[in-house]
Amino acid sequence: MAVVETGAAATAADAGGVVIQPPPSSPPSSMTSQDSGVSSDDQNHHSRIDQVLRHDQGLYSKIGSHVARSDGVDGGESFKRDMRELQELFSKLNPMAEEFVPPSLNKQGGNGVNGGFFTSAGSFFRNNGFAGTGNGGYGNENGGFRRKKSFGQGKRRMNARTSMAQREDVIRRTVYVSDLDQQVTEEQLAGLFVSCGQVVDCRICGDPNSVLRFAFIEFTDEEGAMTALNLSGTMLGFYPVKVLPSKTAIAPVNPTFLPRTEDEREMCARTIYCTNIDKKVTQSDVKIFFESFCGEVYRLRLLGDYQHSTRIAFVEFVMAESAIAALNCSGVVLGSLPIRVSPSKTPVRPRSPRHPMH
């Protein structure tokens, strides 16, 4: 049961407050006997509401404004004016703003840190409505939940997505060519596919399980790669090649290893790249193997590490014909593994002499 009085009390009610006046001690003569009879329950109800209003007025006074809730007009107008000012102040706040946490408190758990608060029951509530346990729940050891990703992490993720998109674009522009004759060079292979579009890169690889080889050809656009599929079945050397869309991109070569001069390009023509070499095989074993089948070896570099189960080698022959003959050794077992031989993209440069340490 709520009775709203007119005048100043009604003005305060319009401003958002509900003002209840207690019944007069002696009812006016215009009231009926039914109106004058107020039960003790109603009086108790009015008394409780008055206590709430007095408590509300005390809280309002604490935030810096004194409101006189009296029967005078000034008190109601003052309350209404203060409420308008308070509403104007609240309207200027940004509801999307995040809570500022000083660096000294950012590493500590506690009330209000990381945009949440602890209840008396020990539960931790975030501003987004998610609840966890007071000791951190699914969060970190500091009692807070995982922080938002930093700008650096977001930038790295963006770079990773960009890199992945670029890689997928390269794959769509690349074709896979199989059943390549051992005598076919990369120049001859690129010359066949140049009619389909501009060739960006051409890479021939050895197959240890076959005397034939395979290759990857990258074009400047997808149209070139699509046109290249029509060349499947074309005779190149002594075998018809198979052309399929590639599932991988050509692995880039470190540009610092590429030939820099005409002499180094001539060295590449005499050099082969050998992979899948048994770790028990020594450098002398590799040299003896290729000299027995192909010709004199001028320089050899055997490389390996503890992370890979096999090793690789760059073998430079005295004659370019020996390097071509070495391509036929792909698939031959050396030690306990079949080796893979392909033309080298890089020359075997002599090691620079080390300066003595003083």
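Residue numbering: from 1, along the chain as shown.
Backbone N, Cα and C atoms are what each Cβ position is placed from, and that goes for glycine too.
Swiss-Prot lists 1-19 with the feature compositional bias 'Low complexity'.
According to Swiss-Prot, the compositional bias 'Polar residues' annotation covers 31-41.
The compositional bias 'Basic residues' feature in Swiss-Prot is assigned to 145-159.
In the predicted structure, the domain 'RRM 1' (173-248) carries a mean pLDDT of 89. Here Swiss-Prot flags 173-248 as domain 'RRM 1'.
Positions annotated as domain 'RRM 2' by Swiss-Prot, on the basis of sequence analysis: 270-346. Broken down by DSSP into helix, strand and coil, the domain 'RRM 2' (270-346) contains 21 helix, 31 strand, 25 coil.
Swiss-Prot lists 1-45 (among others) with the feature region 'Disordered'.
According to Swiss-Prot, the region 'Disordered' annotation covers 136-164 (among others).
Annotation source Swiss-Prot lists motif 'PAM2-like' at 92-102.
As annotated by Swiss-Prot, motif 'Bipartite nuclear localization signal' applies to 146-157.
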